[in-house]
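S.K.: These came from Swiss-Prot, pasted as-is:
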COMPBIAS  7-16  compositional bias 'Low complexity'
COMPBIAS  46-57  compositional bias 'Low complexity'
CROSSLNK  LYS68  SUMO1 cross-link
MOD_RES   SER4  phosphoserine
MOD_RES   SER9  phosphoserine
MOD_RES   SER11  phosphoserine
MOD_RES   SER13  phosphoserine
MOD_RES   SER15  phosphoserine
MOD_RES   SER19  phosphoserine
MOD_RES   LYS35  N6-acetyllysine
MOD_RES   LYS53  N6-acetyllysine
MOD_RES   SER57  phosphoserine
MOD_RES   SER58  phosphoserine
MOD_RES   LYS68  N6-acetyllysine
MOD_RES   SER118  phosphoserine
REGION    1-64  region 'Disordered'
REGION    77-101  region 'Interaction with ssDNA'
Amino acid sequence: MPKSKELVSSSSSGSDSDSEVDKKLKRKKQVAPEKPVKKQKTGETSRALSSSKQSSSSRDDNMFQIGKMRYVSVRDFKGKVLIDIREYWMDPEGEMKPGRKGISLNPEQWSQLKEQISDIDDAVRKL
């Protein structure tokens, strides 16, 4: 129904003030919902930035070098603990970035690997 009122009010010259009021009300209605959405987005980005700063410092604490540009790292991903064995590379800015080569183990898989270390060592010695 509001669309028909707009058409009628725009066609008649006597209701110009009514159409201006309608336009102002519509503008206010449109502006009001947008403001909270923008505030939420900026809050989310600031939270993301602060969490990324925290994760980068904790990532350094949980990285153990096992070779040239190869590391074992312990991290939290979507609420799950993962043990990564991964190669890293240096980007042009000098930052270390994770490479494609690597594997992520959950704690159960990590325990199974640790239990089989002696068997793996024996197999390496035989070769």
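Placed from the backbone N, Cα and C atoms, the Cβ positions cover glycine too.
Show me how these features fit into the shown structure, please.
M.R.: In the three-state DSSP scheme, LYS68 (SUMO1 cross-link) is classed as coil.
Around LYS68 (SUMO1 cross-link), no same-chain residue at least 6 positions away in sequence has a Cβ under 8 Å from its Cβ.
Listed in sequence order, there are no same-chain residues at least 6 apart in sequence whose CB falls under 8 Å from the CB of SER118 (phosphoserine). DSSP assigns SER118 (phosphoserine) to a helix in the three-state reduction.
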